[in-house]
Amino acid sequence: MIADLTQIVLTLALLVVLAMPLGLYMAKVYTGEITYLSFAERALLGPAGVTPKAEQHWTTYTLSLLAFTAAGFAVLFLILRFQHLLPLNPQGFDGLPAHLAFNTAISFVTNTNWQSYGGETTMSLLSQMVGLTTQNFVSAASGMAVAAAVARGLASRQARTLGNFWRDLVRSILYVLLPLAIVLALALVLLGVPQTLDASVSANTLEGAEQTIALGPVASQIAIKQLGTNGGGFFNVNSAHPFENPTAISNLFTLISILLIPVAFCFTYGRMVGDARQGRALFAAMGVMLVVAVAGLYAAERIGNPLHAGLIDPASGNMEGKEVRFGIVGSVLWAAFTTAASNGSVNAMHDSLTPLGGLVAMLQMQLGEVVFGGVGVGLTGMLLFVILTVFLAGLMVGRTPEYLGKKIEAREVKLAALTLMIMPIGVLVLAALAIAAGTAQTSVQDAGPHGLSELLYAYSSATGNNGSAFAGFNAATPWHDTFLGIAMLFARFGYIVPILAIAGSLAAKKTTPPSAGTFPTYGPLFVTLLVATIVIVGALTFLPVLALGPIAEQVSILAGKSF
Amino acid sequence: MSKHPPADIALLAPAILGPAAIQAFRKLDPRSLARNPVIFTTAVVSALATILVAREAMTGGPALWIGLQITAWLWITVLFANFAEAVAEGRGKARADSFRATRTTTGAKVLLGVGDLYEFKDAELLEPGDLVLVEAGETIPTDGEVIEGIASIDESAITGESAPVIRESGGDRSAVTGGTRVVSDWIKVKVTAKPGETFLDRMIALVEGARRQKTPNEIALDILLAGLTLVFLFVVVTLPVFAGWSGTTVPMIYLVALFVTLIPTTIGGLLSAIGIAGMDRLVKANVIAKSGRAVEAAGDIDVLLLDKTGTITFGNRMAAAFEPAPGVSERELAEAAWLSSLADDTPEGKSIVDLAVKRFGFHDDAAKATASFVPFTAHTRMSGADLADGTRIRKGAVDAINSDAGRPADATLDAVVRRIAGSGGTPLAVSRDGRVLGIIHLKDVVKPGIRHRFAELRRMGIRTVMITGDNPLTAAAIAAEAGVDDFLAEATPERKLDLIRREQAEGRLVAMCGDGSNDAPALAQADVGVAMNSGTPAAKEAGNLIDLDSDPTKLIEIVMVGKQLLISRGALTTFSIANDVAKYFAILPALFVVAYPGLAVFDVMGLGSPQSAILSAIIFNALVIVALIPIALKGVRYTPASASALLSRNLLVYGLGGLVAPFAGIKAIDLVVDLLHLA
């Protein structure tokens with residue numbers, strides 16, 4: 001218990017210690033104070049006609065992002081569909097069926113990395129390296145660009161522009177993702193993760209049977225899948241695979257990389273809007289929710305399944321679906337981190353979490369991926385809640401609500417209120433549709449409330465752009481591939497476009513200097529209020545269905561009934 | 001002067017409640033309901049429930065009795081919301097009727113342009129530019145400007161002020177308002193208002209809320225409430241599918257009940273009442289807002305520009321101290337000053353007498369009868385008295401007295417003079433028989449309590465700036481004494497306008513008041529411009545609020561009303577949303593406990609039965625609207641404080657209260673429902 005607690009506290013502490021300086025560094029990257037790679041920037045942007053001073057209105061910024069994503073989708077879709085015709089396919093895998101290529105391409109361009117397939121048995125090396133790894137970088141970088149643009153918009157006074165998408169994109173990759181990914185990949189190689197163009201090696205097992213062990217450029221893909229909140233593993237079992245995650249040290253490194261950039265963004269934000277307290281308030285709100293999630297998951301898994309009482313050693317907790325190498329605490333931390341950030345990589349099977357443990361993981365996604373969330377977009381998702389909180393509670397101080405001196409008016413409220421629809425539509429409506437169409441029943445592995453949890457988890461993961469799988473749910477059907485794909489696309493841009501519009505509208509407004517009459521958007525009271533708003537909105541939306549899923553399962557187990 | 005502001009109408013007077021109850025049914029008209037998305041949705045759902053119950057009645061289903069009750073309470077929810085709005089409107093209507101009674105029905109004497117020839121014309125047909133003659137005892141037919149003559153006018157119909165005021169052509173007192181009465185003399189008035197757009201018309205429309213437009217913040221809140229309603233629609237519509245998965249069916253009527261309890265009916269039902277009541281509070285303070293937008297903006301004010309004279313100080317210099325010359329007692333000086341001022345009718349003179357009497361208790365004895373008084377002239381710049389015994393007392397400007405005495409100023413007194421001037425005061429020298437006795441310190445007296453008021457404003461985050469024509473030295477002294485944050489000395493209309501522009505450029509919202517035509521540009525530029533009713537038509541046109549009492553300190557009250565309006569809205573919204581938590585705890589176990597008996601853990605209130613749980617929740621949901629009508633009309637209690645202090649308090653009362661209250665309320669209703677065997 002003490003050892004577990006120490007591990008949790010040390011992991012969190014190490015994460016924050018690394019994220020703070022990174023955040024300040026990133027702020028300087030986005031404000032253009034750091035320029036040591038300007039030659040590379042010029043080389044990439046110059047031919048595209050982007051001058052160092054080029055600025056974009058929010059509409060142009062958004063269109064650039066959408067065009068870039070659409071192009072990325074088209075290229076990836078074609079690579080996956082026709083990988084059998086392309087080089088670097090040593091295992092001779094077939095091209096992907098259309099619905100799977102569609103789902104996978106959307107999944108990677110939206111930074112979701114939901115995998116309806118098993119990596120080592122489906123994807124050619126070219127698909128993995130050129131197709132998927134490229135999107136691991138650029139989909140993460142576009143999310144980061146959004147955050148940079150929004151922070152800039154909030155910080156500026158009566159400005160028409162939010163920056164330049166292409167510059168933000170290139171800077172995110174050059175100054176942040178690439179250096180961090182190189183360092184992490186080298187460290188992982190050192191720790192024993194393979195990095196090779198050989199597809200597999202053959203080995204003779206002790207029984208004398210021949211075994212084919214899949215290999216590939218693993219380390220490079222793992223590094224970016226963790227850092228860019230991508231989560232799409234090289235191997236099907238993701239970070240539970242010994243080649244993805246061989247040791248306790250590699251587990252710690254990859255675990256911290258999940259949340260490193262999302263946490264850093266809080267500090268980047270504080271620096272960019274010129275008030276560190278604003279960034280710290282967001283960090284505190286996200287941090288409180290993360291700690292509660294870790295505690296909830298830990299308690300649920302440590303106590304384990306009461307039906308097993310007397311059958312197994314109660315001290316071991318719920319070890320079903322977990323790697324013995326990582327144990328309860330290593331798996332719990334990962335489950336909490338990966339669903340907090342919209343990473344989606346796993347080192348344990350979430351389907352085997354206790355019902356309440358599964359509920360915590362699911363709820364983190366259903367809250368809209370704002371507990372640090374995806375790189376960049378987690379921060380902007382949180383800002384949407386900040387705007388709603390400021391609007392609801394800000395009236396109570398007797399002024400038109402304002403955030404960072406910008407008045408929150410009908411236009412901003414309309415855009416923010418629209419984003420409230422995304423989770424209910426993506427999760428509730430699409431899951432209900434799947435049930436009504438009869439496709440949910442055939443895809444789940446279990447009956448009753450656990451089956452419902454499997455279904456809900458899949459749609460929560462897609463709509464949250466998380467990508468983690470609960471397992472026990474066969475998503476590789478045309479229906480689910482299509483609708484999960486739609487959910488990913490809808491959620492990604494359903495959040496990004498409104499927040500960029502809000503940033504554009506706020507950038508154009510005057511900034512009222514703060515006074516004693518200003519609603520303070522920092523400090524414990526505001527953090528409490530923000531967390532309460534997020535939890536109440538999330539709870540009110542999902543409590544009924546969660547009551548029928550994980551909660552029903554938990555109370556039934558307590559009553560001695562399993563499914 | 002006596003004031004009788006529009007008679008206050010008791011918060012829930014029977015005269016208003018009766019018609020409001022009828023109005024609540026009239027407002028079931030879909031066109032009227034459509035203005036309020038949340039209540040409109042509730043009405044649609046109620047209609048749906050009615051159909052469900054009718055079907056149940058025909059098929060003889062088992063859920064008829066409970067369904068009937070739920071449907072009834074749904075309609076009651078809609079009616080309660082309509083009732084809240086009708087009560088708020090009723091209060092305004094009662095006020096409008098009293099205004100309407102003053103509207104003239106007699107004809108107006110329209111001048112034909114040839115001497116004093118006129119013809120009678122219906123007052124409602126007067127066009128801008130028409131010239132009308134109004135004589136003693138007649139009512140002024142419409143708004144206009146005096147172009148000839150001078151008259152005393154009784155404006156009590158509009159302002160509640162019984163003392164007549166003077167209106168004359170030219171200058172800043174030329175505006176007259178339709179509905180007021182000429183008491184003496186006659187005036188010729190040039191009509192400035194189009195028919196139906198007079199001040200009185202605007203006021204009636206305003207308090208009646210007939211053409212009430214939603215304010216920007218109200219629109220934003222409406223959007224958010226509609227958004228939340230939509231979210232709950234998704235939740236409730238998908239629920240039967242998930243229930244089906246779990247092998248249970250949820251009766252349609254229960255879903256309907258769940259939906260209506262979840263959507264923000266409380267704030268939805270009270271929102272327009274809050275807005276109307278806010279305007280009503282302003283009218284009660286004798287202020288007319290030209291738009292609801294101005295009231296909201298008043299709550300946002302960062303900078304308050306206040307004229308020194310009349311707002312911060314009484315407007316006249318008053319004697320504050322006697323400073324005797326060396327070798328002269330204070331009493332001696334005071335007596336001389338007193339004697340010299342006995343016949344001085346200026347405010348300064350009176351204040352000298354008052355101070356002397358207060359300090360030394362001089363009696364108004366024979367001196368007044370025997371002395372002969374020397375009045376002030378611009379030439380001598382002195383006044384005084386020659387007593388019967390030949391004593392010659394003079395008071396006046398220091399240099400005038402000195403030269404009259406024929407000697408240079410005493411060095412000690414010189415220092416006193418400089419000190420007084422330096423502090424913003426006016427020194428007045430007193431001499432007796434050519435000997436300078438000392439100096440009277442006259443100063444601008446700051447109104448008592450104003451300093452406290454400014455401290456309050458500062459706590460609210462509002463900066464006060466004093467505007468004065470005084471020189472910077474004098475201005476600084478008064479500013480320090482009054483406790484304003486800043487001042488603009490030697491102010492001209494241009495400098496005032498510049499100051500407003502500068503503050504606005506830095507992102508601040510500025511409020512000011514004014515009355516003269518030269519104030520008009522600044523009034524128009526300010527975010528909140530309060531024009532004095534006594535002011536010129538130009539000023540009244542430029543401002544977005546008009547103070548009927550012409551009291552510049554009213555600005556502070558207006559800010560309070562604006563803040564209270566926003567706070568009431570925010571507090572009731574928070575309360576409404578926080579309520580939902582308890583409703584889930586009542587309804588969810590009721591819906592699903594058959595499928596999963598373990599879910600009974602949610603039933604923390606220990607409600608009688610699933611049916612009574614649902615019924616109690618929907619009854620609570622309806623009753624809470626009525627219970628909150630008084631708060632919506634009176635406004636949430638507001639005491640000036642910093643934003644953090646206000647937030648903590650309101651969150652505690654309305655946030656935490658909103659979480660906890662329904663648990664108690666639903667439980668109590670459940671006990672009654674059980675007792676009466678309603679479910």
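Counting starts with 1 at the first residue shown.
Cβ coordinates are placed from backbone N, Cα and C, and glycine is handled just like the others.
As the structure is a computational prediction, the values presented were derived from the model and not from experiment.
Record features (TrEMBL):
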{"type": "TRANSMEM", "residues": "B:37-57", "note": "transmembrane segment"}
{"type": "TRANSMEM", "residues": "B:63-84", "note": "transmembrane segment"}
{"type": "DOMAIN", "residues": "B:116-208", "note": "domain 'P-type ATPase A'"}
{"type": "TRANSMEM", "residues": "B:219-246", "note": "transmembrane segment"}
{"type": "TRANSMEM", "residues": "B:252-274", "note": "transmembrane segment"}
{"type": "ACT_SITE", "residues": "B:Asp307", "note": "active site, 4-aspartylphosphate intermediate"}
{"type": "BINDING", "residues": "B:Asp344, B:Glu348, B:Phe376, B:Thr377, B:Ala378, B:His379, B:Thr380, B:Arg381, B:Met382, B:Ser383, B:Lys395", "note": "ATP binding site"}
{"type": "BINDING", "residues": "B:Asp515, B:Asp519", "note": "Mg(2+) binding site"}
{"type": "TRANSMEM", "residues": "B:584-607", "note": "transmembrane segment"}
{"type": "TRANSMEM", "residues": "B:613-631", "note": "transmembrane segment"}
{"type": "TRANSMEM", "residues": "B:651-669", "note": "transmembrane segment"}
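Overlay of TrEMBL annotations on the structure.
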residue  : record                                        : CB count, 10 Å
B:Asp307 : active site, 4-aspartylphosphate intermediate : 22
B:Asp344 : ATP binding site                              : 20
B:Phe376 : ATP binding site                              : 15
B:Ala378 : ATP binding site                              : 5
B:Thr380 : ATP binding site                              : 15
B:Met382 : ATP binding site                              : 21
B:Lys395 : ATP binding site                              : 28
B:Asp515 : Mg(2+) binding site                           : 26
B:Asp519 : Mg(2+) binding site                           : 27
Given pairs 6 or more apart, does the transmembrane segment (B:63-84) have at least three Cβ pairs under 8 Å with the transmembrane segment (B:651-669)?
no
At least three Cβ pairs under 8 Å linking the transmembrane segment (B:219-246) and the transmembrane segment (B:613-631), pairs spaced 6 or more in sequence?
no
How many Å lie between the Cα of B:Asp519 (Mg(2+) binding site) and the Cα of B:Met382 (ATP binding site)?
35
What does DSSP say about B:Ala378 (ATP binding site): helix, strand or coil?
coil
Under a three-state reading of DSSP, tell me whether B:Asp307 (active site, 4-aspartylphosphate intermediate) is helix, strand or coil.
strand
Beyond the flanks of the transmembrane segment (B:584-607) by at least 6 residues, Cβ under 8 Å:
243, 246-248, 250, 254, 257-258, 261, 613-614, 616-617, 663, 666-667, 670
Using C-alpha atoms only, work out the spacing between B:Ala378 (ATP binding site) and the residue listed as 'active site, 4-aspartylphosphate intermediate' and round it to an integer in Å.
28
Tell me, what is the mean pLDDT of the domain 'P-type ATPase A' (B:116-208)?
81
Closest of B:Phe376, B:Lys395, B:Asp515 to B:Asp307 (active site, 4-aspartylphosphate intermediate), Cα positions, binding-site residues only:
B:Asp515
Quick check: in three-state DSSP terms, what is B:Asp515 (Mg(2+) binding site)?
coil
For B:Thr380 (ATP binding site) and B:Asp515 (Mg(2+) binding site), what Cα-Cα distance in Å is obtained after rounding to a whole number?
35
Could you give me the DSSP helix, strand and coil counts for the domain 'P-type ATPase A' (B:116-208)?
17 helix, 40 strand, 36 coil
So the record assigns B:Asp344, B:Glu348, B:Phe376, B:Thr377, B:Ala378, B:His379, B:Thr380, B:Arg381, B:Met382, B:Ser383, B:Lys395 to ATP. If I measure every Cα pair among those residues, what is the longest distance in angstrom, as a whole number?
19
Whole-number Å only: compute the distance from the Cα of B:Met382 (ATP binding site) to the Cα of B:Asp515 (Mg(2+) binding site).
34
Between the Cα atoms of B:Asp515 (Mg(2+) binding site) and B:Phe376 (ATP binding site), find the distance and write it as a whole number of Å.
31
